[in-house]
Structures are given as C-alpha cells and as structure tokens.
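Reading through the structure tokens given below for one structure.
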C-alpha cells in the first residue's frame, strides 16, 4: 500500500466512523450544488420573480454559515456529534422530499435555511471528528473528506439536468419571447447577487409545467443511506436509547491490547494536556470566551486569524470564480458563445474534484504546509497568466482548469496544518470553517458589485488581488508558526496513536 502500516492499521481500526463521516460529507456536497441549475424551475413552481427566487441562495448560505458557527456546540461528546450528524443528514433528505411541495417562495427560503443549518453542522462536525481521530495523520483523511463533497456537488446537477425545463415552465402569452433567453439566464444565475438579472422579464402567472420534482425525489432517495449509516454507527456505539444498557469499546480485544501497551506514557501525557485541551474544538462562541484566552500567547491568536484569512480569500475565490466566470466569458473582449461558456463552471468544479482525488495520495508524501504554499502560489500565477492572456479563449479554459486544481486541496491542507501548529488544542477547525464560509459570501457580493460598476475585466483583477492577499496572509502564518511555542517532549510522546474519538482522559465520550 502507498501508505505505511501504522496509518493503515489506524484506518482499519476507525473504518466505520471514517466512512460514515465521508458519506455525510457526500450529503453536504449533494445539497450545496443543486440550487443553481434548478432555480428557474423553482421560480416557476413558486411563481415568483427572478429577484425573489435568487434570495433563496442567500437563505441557504447565511444559515450554512450560522450552522458552521454553532456546529461545535454538538461536539462536546461523541454521542452529541453523531446525533447531530444523524439529524442533519436526515434533514437534508427531508428537504429534498419537501422542496417539490413548496409553492411559496418564503416557504422555500425557510426550507433551504433548514438545509443550510444542517450543512453547516455537517461541515464543522465532520472536520472536527476526523482531526480528533487522526490528529497528525489527518491530512490524508481530510483530503478524502473534501473529495466526497466535490463528488456530491458534481452528481446533483447531473441528476437534475434531465428534468430541467427546455422552455419557460410558466406558460403565458409572453412565453415565446422569454424562452429564447432561458439557457443564458440559467447559466447567469449567481448566488447572493439577486439584482443581476432584473432586466429579464419572465412571466409569473400561468400554467406551471415542470418535472423538476422528480430530480429532488431521486436525490432524497440517494441521500437516504447516509442517515442510515450514521444510525448504524450510533447503534454500534450503543448510543441509541433502546440499546444503551451496556457499553463496549470500539476496538476488538486484540486491538485494545495493542492500544493499552503504552498506557503509562499516555497517562502521563494526557495529564499534561488535560488543562490546556479542555477548551479546544468548541463552537465559535465558546472559543471566544475569556477563559480560553488566559495564558495564551499572541501567536495563538495570530495562527487562528491568519489561517482563517487565508481560507477567507481562497474559498472566496472559489465562490466568486464559479459564480462569475460564465458572465465574464460571454462579455467582451472574449464574447464566448453562451453554450460554450456554460462549460466553464463545470470544468472548474470538475478539476476541483479531480484535484481533491489526486491530493489524497499526495498529502501522505507531502507536508500540509508545502501543499498550501503550492496552492496559493499556483492561484496567484494562474490569475497573473489569465490577465496576461485575457484575450485568449483557449487559455481561459486552461486557466480555469488550473485554478480548480490549485484551489482543490487548500482547505483540508490548511486545516491539517493549522491544527498541527496548535497541537490540536485550539479552535482552529471552527474558526477556519467560519472564515471560509464568510469569505465565500462576502467576496461574491463584493465582486458582483465591482463587475456591475467597473466592467467584466475587473473580475480577473479582483481574483489577482485576492490571490495576492492569500499569499501574504500565508506568509504571516509561516512567520507566526516559527514564533509559536514548541510542544514539550511529554506532549510529543502523547499523540496520534491513541484510539479514535476519545476524551482527554483516554475514555470514550458518551
């Protein structure tokens, strides 16, 4: 195998929890990408205007950010985490099933807000649990986790595509004129920027003819095995109320014997770590409590802030590039045909998913810090070349693929690197997830406003600036890493080979 026996043995010991967290992240990806392609059909279903229906994007994204902030609340014990994941993944299946029944745009926005909260909890808890299980070996498993979100994000538009309307799905006297613009409108829909299509006049009253309900019901069925998998993990851990009369360890007798051999060393190291670890990996608001700041050096805060700012920029680039690349391509000077330009967002997300797949074996051989450096430098160089060859359609496709590859592994690599700096006792996961979510929302709104005022060329200029800021913040992170206090030898002994999902005393949390 391309990884060593120690990591392989650790993966086998934690096979069911790891696969469960990966499957839950597939559920996250399935839910995050369906809204854009289906939004026009949902507009018909709710008989709303384009400006009204695009606010559903904001409802989902805002609550996703809120859920990411609050996700750590359910991280106190393994039981709370698994019940939160079960409820969240089940809620996503229910949302898919309920969406076809939403005939009012406000009701649809509320349903998508529930989906956003569930997605935010999944995002924070799954990352936290994998970091807690694998610690210094977590990079490779985080890369795999984020591959599954990319896979889900690719799959849901493919499921929806056969059921999307080819003509306007509200039949009225103006249907013929509006239908010719439909493919362009569908590709131009941009999250969080509801005013960009207000000049299109689509009918709001008439007979609704859409088959998009079938796509949502199919996605509900595809997602259903995910909450079932979480329930089986709860059952195995004897956390289901009807079956919690006795508890048993996650490990078999032989594996448990192997894990208990270094017990004396672990007891000593956990005793050293316990006072410092008590406040780690909490929700965002608990992380901000003053008791967690006592005795912390300025570098402790600097690592959290600079790590979050790097992801604020890189995830913001993902959001703004995927949202506006089509609009940029069809405008002058490129003037790409609408149908050809429509492949650009798919190319971008396809190479993000491919990059995450490639990063799984690469992350085992390469340190997370090196991967992040390659990513941010690659993003900066790609935007520079896109600006230089801004009149080349061919290079626009090449640059889009390149940008997807470089951005693909930034988040999991940065998460693994930052947690490693903080010796898994900070609030890095919560802070980084929140920073990335805020960046995706804010930079998309900002770029949409700038393009509206300054023209399409400013799209690449903004990307170049954001890439430069990401590199700058990463340079500061490297500086603060050098300044951060090194762990003592006792803490070095502690580490990563403890059994999965344990509390600070070495006991499984219930």
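Cβ atoms are placed via backbone N, Cα and C, with glycine included.
Caution: TrEMBL annotation is automatic and unverified by curators.
Feature annotation (TrEMBL): of 257-279, 395-417, the stretch labelled transmembrane segment is 395-417. Residue ranges 188-206, 340-358 are listed, and TrEMBL annotates 340-358 among them as transmembrane segment.
Only sequence-distant pairs (6 or more apart) were considered; of these, fewer than three Cβ pairs between the transmembrane segment (81-99) and the transmembrane segment (370-389) are under 8 A, so the stretches are not in contact.
Remote same-chain residues near the transmembrane segment (138-159) are listed as 3, 7, 11, 18, 21-23, 25-34, 36-37, 126-127, 130-131, 215, 218-219, 222, 346, 349-350, 352-353, 356-357, 359-364, 368, 371, 408-409, 411-413, 415-417, 419 (criterion: CB distance under 8 Å, separation of at least six residues from the stretch ends). Just going by CB pairs under 8 A, the stretch in 21-40, 300-328, 457-480 that sits most against the transmembrane segment (429-451) is 300-328. Most Cβ pairs within less than 8 Å of the transmembrane segment (370-389), among stretches 214-235, 395-417, 457-480, belong to 395-417. Comparing 214-235, 300-328, 395-417 for CB pairs under 8 angstroms to the transmembrane segment (21-40), the maximum falls on 214-235.
Beyond the transmembrane segment (214-235), the same-chain residues lying 6 or more positions past its ends with a Cβ under 8 Å from any Cβ of the stretch are 16-17, 19-20, 23-24, 26-27, 30-31, 34, 38, 79, 82-83, 85-86, 89-90, 92-94, 96-97, 99-100, 155-156, 159-160, 162-164, 243.
Here the transmembrane segment (300-328) has long-range neighbours at 187-188, 190-193, 196, 293, 334, 341-342, 344-345, 348-349, 352, 372, 375-376, 379, 400, 403, 407, 410-411, 414, 417-418, 421-422, 426-428, 431-432, 434-444, 446-448, 451, 456, 459-460, 462-463, 466-467, 469-470, 473-474, 476-477, 480-481, 483-484, meaning same-chain residues at least 6 beyond its ends whose C-beta is under 8 angstroms from one of its own.
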